[in-house]
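Only one structure is covered here, and it is reproduced in the block below.
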Amino acid sequence: MSASAASAGTGVFVLSLMSIPICYLFNSFIANSAQAFIFAGCSTVIILSIAHFMFKKKAPADPLFYVYAVYAFFSVVNLIIGLEQDNIIDGFVTFYLRQADPHINTAYGHMISYWDGCVHYLMYLLMIAAITWGDSYRAIGLYWVGSFLMRAIVYILGSTVGKHGTEVNYFFLLHMLYISVSVWACFRIFSQPSTQEDELTEAEQKSLLHRPLDLLFIIYLVPAFAFCVFRGLVVLDCSSTWCQEYTQQYEPYLKDPTAYPKVQMLVGMLYSGPYYIITLYGLMVPGCEWMPDLTLVHSGALAQAQFTHICASLHTRTPFSYRVPAGGQPVFLLVNILYALMPQALCYRCRTRPDFFLRPMPDKKTE
């Protein structure tokens, strides 16, 4: 790694921290939405000018370096939003929270601010570091792809069909620009070559009975599939007694009128449900090369989904009638945390021991 590349990576970190004084100035001198829009435009120009000056003749050629540099800046902004919503700090984004984007004031919007400000920010810095070192960041990138896609789908659909659907404004349109650039970044990450080595070991020939860990994952996938379908049926107002009792005792948040939890469960049923079936096949039939990448994307998506769902279900911004009852919290936490952690364990297994998923090389015929 050259000194100029290292300097560019450090510059990204410094640039992201500049969001703190910029947010404070934004909040101190803005009085109405028109001024906010003008100030946001001027701030963007200033940020890009500073970034150009900092990274000139230093930044790597990978265009995603610049994308993640900008995203790291806004991740810190999201962390500031979350901290001010919890009254930990004050005077940084008060105007924004009051007038600009009412969707962010929901419990779900609050949680995605923390997720983006902490987890996504860490991933952006790791990918920027990998780019500056000349290493592959495809694995981290695929994890981010899953997390981003889950966040984007739920946030967009929930914002348009929930009780805040009539309050969509130009800030929501700016969010769509972020979505468009991020989708392009997703395709860039998928197009990168895989770094796993094409070597087969005797694990390729082992039966399922000789792979107890995989057998354990298969046993887990069956109830996980049933759970995601069950919660999808709950938000579709299934009249079953089981659905009604589960909603009342463990997850009343599924009925929240903001629609974010409803969309979350429907996306989970339509996305995670087929994934569990495909994964069952991949764990039983050797040579499924797509398994490590698929588990990375899904584990990122489910980590984001479960974090926001668990925290929003318990947060004070959720109306009391939709929060998890005290008596049902132990079961709620046990089931949902387990549902979030098992995909991470499966992903770790597929990435660290991918032998079973590699295709056997064709035998070379000797003359």
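Using the three backbone atoms N, Cα and C, a Cβ is placed for every residue, glycine included.
Annotation comment: TrEMBL describes 61-186 (among others) as domain 'EXPERA'.
Annotation comment: TrEMBL describes 213-347 (among others) as domain 'EXPERA'.
Per TrEMBL, transmembrane segment is recorded for 12-30 (among others).
The transmembrane segment annotation in TrEMBL covers 36-55 (among others).
What TrEMBL lists as transmembrane segment is 64-83 (among others).
As annotated by TrEMBL, transmembrane segment applies to 112-133 (among others). For the transmembrane segment (112-133), the residues of the chain that approach it from at least six positions outside its boundaries are 1, 5-6, 8-9, 12-13, 16, 60, 62, 64-65, 68-69, 71-72, 74-82, 85, 104, 140-141, 143-144, 147-148, 151, 155, 303-304, 307-308, 311, judged by C-beta separation under 8 angstroms.
Residues or ranges marked as transmembrane segment in TrEMBL: 140-158 (among others).
For the transmembrane segment (170-190), the residues of the chain that approach it from at least six positions outside its boundaries are 37, 63-64, 67, 74, 100-101, 103, 138, 141-142, 144-145, 148-149, 152, 155-156, 159, judged by C-beta separation under 8 angstroms. Sequence annotations record features per position, and here TrEMBL assigns transmembrane segment to 170-190 (among others).
Per TrEMBL, the feature transmembrane segment maps to 215-236 (among others).
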DSSP-assigned states of the domain 'EXPERA' (213-347) in counts, ordered helix, strand, coil: 110 helix, 0 strand, 25 coil
Cβ-Cβ under 8 Å with the transmembrane segment (64-83): same-chain residues at least 6 beyond its ends: 8, 12-13, 15-20, 23, 47, 51, 55, 89, 92-93, 96-97, 104, 110, 112-114, 116-118, 120-121, 124-125, 127-128, 131-132, 178, 181, 185, 188-189
